[in-house]
Structure formats: structure tokens, C-alpha cells
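A.B. asks: Dropping the structure in here first, questions after.
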């Protein structure tokens, strides 16, 4: 239906709520980071996979069309009804990169190599209430190995994660990959006689170790604890013989992997699943060592609790350990930028068959923020050389100058706005962050020369000196027309 | 609502109809091509812009929420109602990259440099009936200059398009950028006394020049014409004094731009808008020459009619001129891979203010298909070196081998499946397209050696010789463990 111009008011030019636009360096910096990560994944034998943004709601799984609003959490809609009867399918935008992997692994299970190592990078969508810094479209960057039950796959992911962090510029010593194992926790829960229905609650309390300390957690696990406001937090109701293995687990991190593993063996006691978990961690430690990844880069650390509820075997988390200043100028650790682990049932929903899988996901926005905070995002945010237009009739001459510069690899453009007001051209060059402007009026053309203006120096002088002084400064030089490229190149090399 | 396992049947693992998954080289080849194009756009001063996939239906414009099915042509859905009253907004997936540019140009008009040169690359979505080779998600790759009325902007886009095609590997001579101008056509229509309501019909007939020849078009413009089946096609009803300028326009392509421009001046007669159009083309020809783009790369060609109905000034189209074999083995020209031109009213819907703009769009899938047809898609489709597992207890050793190879830049991985059946490992390596397999059993480990297997040579020998002979061939060599990297490197260098 064509728009009725008389009735329809002008549409609002607004990014929809919860979404954002990325301009210039926003795009190139993220791309450069993801390219470096992809190169590391490729080197490790991982293959890219790009599924479409849209999946059937049925395949996505968590969200079913038999409720009133199937799009809780996802953006979903129903296809048109099928001609001749039958309701249309429900489709939805993917909310992560794992659900599409599950669908692909099931659909192409006879064609894909097994194990299947794949990486995926791209936007995902969440139909959630937007908030400050919380967007409804954001990037994920995942690597998964589907079809391998061996912890060699987990060790490889941890090593690859460390390599990827260094590839994007995080220095050794500024990050640590911490590794734990759900099976060890299960062993400890067994050793502590924790009922299955208590497990989640126990996990939640253990996760507060950082905040309330070991004794605080012991109180929370037993009789309860007064919080800072004086309010009483109810305890889980365990007795001291039960808390003992839990506290041993929480505090089992030793001076090195060997000591940690010994402490963990003690903590799991006679539990078989616990012993299996410790063995797996020992194997991972050996393999990391063989992969050339020292304990300064990836280390066994039982304090990694986040994700333990979801994963079924090894879990890992990458943390940036350097300090940055938060919004209020206070120093704080940057924190987690990636996590992953082993999970079951990836393909099972589709085929009924259990397929072991392990994967890692890098928080793209957080890692990019970290690189920016450290001045490592690395993209050249300088604009192009701007060839200004003094004489509208000589556009071809100006185009030729820009083409000559580009032919030698120098980013350059001709001013394409209305050239009447020269001040506007310089304002434009400033907005473009142009380092150099090229100027040739009729007089210069007659003399066969060009003026080359150093806009970076110009801006500095302008900030420091008066307008009159600035005009006489050497931020502008004259060069013969045939020396244009050399003169610009020399000026660009100043900065 | 959690999934009820008893009632819900297993979901189908299927890519939704009209969508597709991209694996491995599908992803890397497209990415390599787009990276090369982006580098050319960047060199010309264009800035990347990445908007979110989702826009308000209102901003997208063509599709309004006041009809029963606002998602005709687009994927659209209504947000949840606003708490406390009010219906939710209609959102939709973008169907191209121009509509989001219009929204951004209006929304950020006070912040963006003017003129604003931007490029955008990414998927777009169309809610259309899928067909063979027609997908509901596909890539677009656009460059536009917003806010410049100068044809210098059009000339720049044509030159940049030619540069981009060469950058991805299309040889000079294998493509041509053809340029026409809607204003010239308007002048010709004026010279021919064509009523406005006849213009579209006239344009449609002119577009048949390739199919029916000049005399056929003359018939279609006047009394009508019998088609191949003998059926009579009704004519537009013009007289011969009217068809004369139209035919002059259609056949005005001369031996070079100068001749073409002279012919066009004759065809537009006394029309002022026509003369303006010819002047613009003459300026574009001059500027292309200044930009170092010869007539073998970009040429004035009045036979470019496609898009003339939509664009308001210069229009251009890039065609690949080499022949490929079609599905039935017949030779045919590859045809158009990009097009663009000048259009009005980009921002006007939002602000009421006319902003001149010109842009070009590359058909990503078509260009990639062309590169593949010419063997130019360029990505390395070889798999990684596969380190096989003979002894499960020595995974750390195998990891160390893979790590050593990777440290020197060789793509390598350890087999992570169940190692029991060695044949499966070789089948895996084959599926991975691995060039080399590394093997070290207990015996080799004891002797401090590794076996290096040339899988490419092996496959060739297997195709040509018997299994027994194949076993004795030198596709496999033994090397000291410490020479692993050198031996693999030497084998990789064979191919």
C-alpha cells in the first residue's frame, strides 16, 4: 500500500530502542579484533560456520509457539498461513550461536567431519528490556568442538583462548584462563552428603566467596549470616561435617597446579566422580604444558564457579587482570571476557543421541572495551587527506591529485560539497579527522604548485597561539605540483 | 515455559525455508572478497557504517503498520504493548542498506560530515517466496555519498567501482562500467514530445533493444509488433517524428566518449534538461580520465536503461564481459554485477529537506559466483595438518606436535575423536581435506621418529594404482621427531 502523503506524518529518524549504530572506527576496530581471533581459530583447524539470522522457533528450542507470546526473550513472528490450509511456522532471530550450531550439527551429522570444530562470529538478538549499556543486538564469537568426549578438546580450547587474547594484543600476564570441573564439584557435593535439591543453593553460596570470605560462606551454608544492613540471610542448614569438604574445595587453590590437584583429591574424598574430575583436570594441566601454555596463562582454579550449574565437565573462564578506572574514577579489575566448558545434549533434542561438545565464547564488546581502555584497539582513526576545491571548474584536476595519492596507498578524497565557502571545507576536513589538506587555487595552478596544510600541527598551534600567529606558522608548505605525493607523504610521516 | 518432554515431538533440524548455511570456504571466500572491496572504499575516504538489522517499520517506510499484514515483503512483528496503555511499535528486519542509511543521515545530520561518504556490508532480509537460487537472506555491499550534488561524486563512484572489481581479481578488459544519465533521457522524451504518462511505457520498450533490435523497438513505440509466437503486441502509438529522437538516443553509442556525447547532443535537440544531462556526462568523462580510468574500464553508454526509472541523474552499471558456461553448458556473458546512480529524497521523508545522494551496490553473491567461475575466489581450501592419535595415553605428545607446527604458522590439529579405529582417523583427515597426516605409534616414539603422510599424493596414487602398490609408495616418509616441522613444511611445499 503506497504511503498516503497527506495523512501520514513524517516518520521519526530514530534507531529503535535498545539498538545502536556503529560508525567508522566502531566497525573497523571490532572487525580487526575478530579477524585476529579468526586467524588463531583457523590455525587450530577450526572452520567458520555462518548460519542465517533466522531459525524456526521449534529449532531454537527454548521458546515454543504454544504459548500466547512465543517471543518472550526472542524476536519471533508467525509466517503467513500456508495456502490451502495450515498455520504458518513461527520464525525467530537467533539469541545465541549455540542453538544454530545444535541444529546444524544434527541436520548435517552425516556430512560434517566428526569431531566438528567450528567457529562463528556474528550478531545475536535478545528481546529484552533495553538498559544503559544493554543492547538488544550484540556480537558473539564462539568456538566449539562437537563430537569429542576427550578433555584434549577442552585443553585445546583453553590454549586457543590464551593465544587469541594475545593475538588481539593482551600481554602475557594481563590475563589468566582459569579452569575448573563440574565433576569435581559433584564429587565434593557427594563427599559432603548434599541432597540434589540443595545443590543449586550450595553453589549460589559458594559463589559468594569473593564477597563474604570463607567464614561468611560457612555461615551461609549452615545457620545463616547477617549482611551489611544487619538483615539476617537464612542459611542452607548444613552441619559442619558437610561444610568441611565444601570449604576445602573452595580454598584448594595451591601455589601451582600440582598442589591444587592434591588439595582437590583430598576434598573429593572417596567420591568416584570426584576422582574422575580431578584426573581430567590433571590431564588438562599436562596437555596445556605440552601445548606450551604455562600456568601464568592457564591454571587450574577451583574458585571458578560461574557456569558450573550449566556445564557438565571442565569449565573455563578468561579474566583480564589489569586494572582500569571505572566510571567514578576508581581502580578496578577488568574481569571476565570469555568463558566456556563442556555440555551435553547439544544435538540430543533433535536426534535423541547424546553428542559430547565443548565450547568457548568471547564477550566481543567487553574485550573490545578492554582493548580500548589499554589503547590497544589499534585501528587507524585518522581520516583521509582532503583535496580542497578552490575552483569548481577544475574538479578533474583535484580528482587527479587524489588519484595520484591513492595510487601510492595514501587515503585521499576530494571535497564534494559546495566549494563556495572555503571555511566549510576546512571544517569538513576537521570533522573527517583529516591529517592533511591539499589546496590549489588559480594562482597556484598558474605557478604549477600546491599548498599542503598540516592539519594536526595546525590544530595544536591553534590551541596554543593566537589566530594571527597561527596564520604565519609553518603548518602549511608549498610544493611543486609534481612533488605532491612526496610532500604529502613527508607531512604524514611527522605524526 | 519449559519444554514438556512427554508431549513435544522432536524438533526438525532444518534450515528454515529460503535460508541457507555457509560452511568453511563459503564464509572465507566472501569475507576475503568484501575485505578487498572495503580496502578500496576506505582508500577513497569512505567510512564504514553498521546499523542494526532491525528498524522500525515506520523508518523503513515502504511498509506501513496500518494494513492487515504489515510484513508483506519484509519480516515484521509488533513489540509488546507498552505497560499502562498504548500499542507496541512495529519492528522489521531491513530489506536493504539504503533505508537504514536514510534514517542515519536524517538522525545524525548535525553530527555527520557533509558530504557523508559511507560504505556498508551485511545481510538483508526479504520476506518473499523462496525459489531455486533465491534466498530470503543475502548480502549487500553498498557505497553512497550523501549531500553532494556534484557529478564529481558520481564519477568517483564509477572509478571506485572499477578499482574494486580489479581489487577482487577481475582483470582489466573482463569488465566494463557503463554510464548513462536520466536527464539525457528526460531531454530525449521532451524532444520527442512524450507525455509524462507515456514515459514508463516508452522506457519499457527501449529496454527491449537487445532483444528485438532498433526496428523492433520502433514498431513497439508506434503501431505494435508481432512477437515470435505470432501474437500482436500493442504499440505505444507514437508517430515517426516522435520515435526519431528516441531511436537516435538508443543508437548514440559511438566509437568513443566524444562521439557518443556528440550523438547525444543531437538526440536531445533543444531540450534544456537534455543538454544539462549531456554536460554532466561530459564532466564525468573528463573526471574519469583525470582519475586515470580509461574508456576500456568505464564508458558513457546510453544503452544502460535499467534503473533509469528510479534514478534522477547519472546511472551506472558494471558488467562482466567474459563468457562462462551456463547450467546447460552453453556459453553466455556473465552480465551485471553492480549498479547505482543518483537519487533524490533519501532524507526528505524524515526531514522534509531534499538531500542529494548517489550510490552504488555490488551484487555480492553474483560477484563471488563470477570469481569462482574464473577460479579467482582465492581462498585456501586446504584443511589443517592432522596429527593422528595412536596411543590415547600420549595425547600431550600429540598436542605438542600440533603446537610446534602452529608456532611456525602451519595450520594443524590433533584428531579428537575416538582413536581406536585408525581408518576413521584417515577418513576424518580426508573429510577435512588435510594435506598431511602425522603418525607416531609406540614403536616410532621409542625410536624418536614420526611418520609423515602426504595425503594429496596418497589420494592421487590411490586413484591410479592398486591398493598393494599404493601401500609401498613414497607418499609416506619417516623423519626424526625433532625434524617434524621441517619435514611437514617440505611436504606441504610439494603442492
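Each Cβ is built from the backbone N, Cα and C atoms, and glycine gets one as well.
Not my notes, these are from TrEMBL:
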| type | residues | note |
| --- | --- | --- |
| DOMAIN | B:45-384 | domain 'Aminoacyl-transfer RNA synthetases class-II family profile' |
| BINDING | B:96, B:97, B:98, B:126, B:140, B:144, B:306, B:310, B:311 | L-histidine binding site |
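Describe the structural context of each listed feature in the structure shown, including burial, neighbouring residues and relevant distances.
C.D. replies: Taking Cβ-Cβ distances under 8 Å and a sequence separation of 6 or more, the neighbours of residue B:98 (L-histidine binding site) in its chain are B:142, B:144, B:346, B:359.
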A.B. asks: In Å, how large is the greatest distance between any two Cα atoms among B:96, B:97, B:98, B:126, B:140, B:144, B:306, B:310, B:311, the listed binders of L-histidine?
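C.D. replies: Across B:96, B:97, B:98, B:126, B:140, B:144, B:306, B:310, B:311, the two farthest Cα atoms sit 22 Å apart.
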A.B. asks: Using a 10 angstroms cut-off on Cβ to Cβ distances, just flag whichever of B:306, B:311 is the loneliest among these binding-site residues.
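C.D. replies: So among B:306, B:311, the binding-site residues given, the one with the fewest Cβ atoms within 10 Å is B:306.
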A.B. asks: What is the total of other Cβ atoms whose distance to the Cβ of residue B:96 (L-histidine binding site) is within 10 Å?
C.D. replies: 16
A.B. asks: Under a criterion of Cβ-Cβ distance under 8 Å and sequence separation of at least 6, what residues of the same chain contact residue B:140 (L-histidine binding site)?
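C.D. replies: Those within reach of residue B:140 (L-histidine binding site), by Cβ under 8 Å and sequence separation of 6 or more, are B:96, B:97, B:120, B:121, B:122, B:123, B:124, B:361, B:362, B:364.
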